[in-house]
Amino acid sequence: MRRGVRALAEQGSRLFDQNSRIVQLGRSARVEEAVDVFSNMTHKNTVTYNSMISVYAKNGRIRDARKLFDGMPHRNLVSWNTMIAGYLHDGRTEEAYGLFEKMRRRNRHTWALVITCLTRSGQLERAREVFDVVPDKGDVVLWNAMIAGHAKKGKFDEARLLFDEMPVKNLVSWNSMLAGYTKNQEMCSALRFFDEMVDRDIVSWNLMVDGFVRLGDMDSAWDFFRRIPDPNVVSWVTILCGLMQNGRVVEARKLFDEMPTRNTVSWNAMIAGYVDNCRMDEAMSLFMEMPDRDSVSWTTVINGYVRIGNLDKARNLLEEMPFKNVAAQTAMIRGYVESRRMDEATQLFHQIETRDVVCWNSMIAGYAQVGRMDEALDLFNQMSMKDAVTWNTMITGYAQARQMDDAFAMFKEMKGKNIVSWNSLIKGFLQNNSYLDALKSFVCMCKTAIKPDHSTFACGLSACAHLAAVQMGKQLHQLVIKSGYVGDVFVCNSLITLYSKCGHMIFAQLVFETMDNPDVISWNSLITGYAWNGHGNEAVALFEQMLLEGVTPDEVTFVGVLSACSHGGLIDQGTKYFRKMTEMFAIKPLAEHYSCMVDLFSRAGKCEEAFEIACDTNTKENAGLWGALLGACRKHQNLRIAKLAAEKLLELESNKTSNYVLTSNINAGVGNWDEAEKARISIMGSGAEKQAGCSWIELGNQVYIFVSNDQALPKPQEIYTTLNSLAAKTFVSCMT
């Protein structure tokens, strides 16, 4: 009997030790070692299974956790709660809620878990529905979860109402409400609420310090920090991080050296601060001084070297890392991806035993960036759990590879589309010159519950600009005003471009004048707009105003102002600006700048000077430049330069019909009929094809695209009647 009791006691003790070992290994992210312990156990109880489920879930292996959960011989409430907590940790709200609904019995911890799960994911209405059916509403944890969820979302009135309705409040309740104010940078409300608090603990003080740090008000943060009765490590780390975020590195280091006690978190915070401020030598020096390094320490320095492009140093550190985690390995993969070292990224990816969704997404993004969409799709299909980032990466990748059919198919298949998904599709159509499809997608999005953001509006307005669909653009402008994006620089720049391309320079100027802080793109858009529309003097005046206001011009600015000088015949001004660009602003001339100068001299009849510029080694491969020179030679009947320009142009673009036609017309214009005929015959011998002319027209809030004599159109009679009317008006204006 005694022997049997002793054996049972030994078995129980061994089981306890093994269960504890599994938990310890899980905390150190040593999952495979935990699996070995679990697999080799001769006796397992429910605690064993629960411990292993927790290890899997907390280390990103949620599928393994669920498989083990489903295969358990016996489950208790802890098993169910552990699995729900695992889903919550992995951000998989729907699976957590689905498991909750299958439970026959629930305890207070279960209700608290699911309400926390819903509030953290922003599903406040659903959380309220669950909260209303909780049997025992006396549990303060439930109330705190509801308050924290509403406060986090900035719904302070609802949060305060819940707070006031609470039957019993504890310090966590007060701090949950305070955290809502501080994390949303509502520091005036936070101060008032802080003063209301009868009892405060170190968490309350730390929240206030953190709130001022988030706001960038380091003076107030310092003031609160000094008033803390007994600051803890979190207090010190919070103020230290604030100093680092504001670039006050020397003060942060002084504070670090003054800390009464330092733990691993404080060391990591200091190292991270150095990394964020690109001071890797100091970061590495501190890393080497650390008494105890954890996975965060290693990951931080590895990520730091990746960020500055020292991938060899980063890889050496990764090899030295005692217990490699997926975060460090993913950082290394990102470094390889950004440097387009895809073979090394692929090799490392296949070495990782436990990959999370971020790791998969990084690898897919890498393949997409280099156009290897077949390999990206292969990984995509291997993924068991895909998030919105995965789908959006594939849509963007296909769009960049000019595979819009595949991008659209991926978009249609995607569930849970978000604003990024729609923007990726619309931008993809825009980048692939499918402007009408971009507008159609914009309209379709507006019919959903997802509201357009500044990027959506910018893409929609850009599509209107390319189509010269000014009426539709004006409607989008009204929607911009209603949506509150009228002050957004990105959107305003798109509006300026739209109105400029459509010839409405008054509206473009008005948009520019409403901007509080126009950037260089704003100035460039308006200068270029004036140049496009033949207002050279206005473009030059705007450029001078830009310089007076201290805005530094870039390459695009000078393309705009030189183009304006060219169209306005301002040779002296154009020559002066070209010199100023190189001498004052140290901008190396690009092909576009030389093209403007060639055009400037060509339009003035100075074809010899234009030819000298065209022969510059930096621009001689630019077909557009030679085409402009050839056109000018036709106008000024300079056959010698025309012949040289034509030879170069046909060498660069032998398959373009318009080049042969232009050459033929020049020769015909001066009576050189033999050469004109040769150019005509060359069209057939070169294999050049004339592309059908394509036009579009806005009619009844729709844009119609058509080619010559196109009868496969809706409303053909109405469209051609409108076109005939426009042609008649053009003829009359030309004759008067």
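Note that Cβ sites are derived from N, Cα and C of the backbone, with glycine treated the same way.
Quick look at what TrEMBL annotates:
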- 45-79: repeat 'PPR' (REPEAT)
- 139-173: repeat 'PPR' (REPEAT)
- 201-235: repeat 'PPR' (REPEAT)
- 263-293: repeat 'PPR' (REPEAT)
- 294-328: repeat 'PPR' (REPEAT)
- 356-386: repeat 'PPR' (REPEAT)
- 387-421: repeat 'PPR' (REPEAT)
- 519-553: repeat 'PPR' (REPEAT)
Restricting to the same chain and to residues at least six past its boundaries, which positions have a Cβ under 8 Å from a Cβ of the repeat 'PPR' (139-173)?
108, 111-112, 115-116, 118-120, 122, 124, 127-128, 131, 179-181, 183-184, 186, 189, 199, 201, 203-204
May I ask for the residues of the chain that lie six or more residues beyond the repeat 'PPR' (45-79) and have a Cβ under 8 Å from a Cβ within it?
15, 18-19, 22-23, 25-26, 29, 31, 34-35, 38, 85-87, 89-90, 92, 105-107, 109-110, 326, 354-356, 384-385
Non-local residues, at least 6 beyond the ends, that sit with Cβ under 8 Å of the repeat 'PPR' (263-293):
233-234, 236-237, 240-241, 243-245, 247, 249, 252-253, 256, 300-301, 303-305, 307-308, 310
Counting only residues 6+ away from its ends, which parts of the chain sit with a Cβ under 8 Å from the repeat 'PPR' (519-553)?
489, 492-493, 496-497, 499-501, 503, 505, 508-509, 512, 559-561, 563-565, 567-570, 573, 577, 581, 585, 587
Mean pLDDT for the repeat 'PPR' (387-421), rounded to an integer?
95
Helix, strand and coil residues within the repeat 'PPR' (519-553) as assigned by DSSP:
26 helix, 0 strand, 9 coil
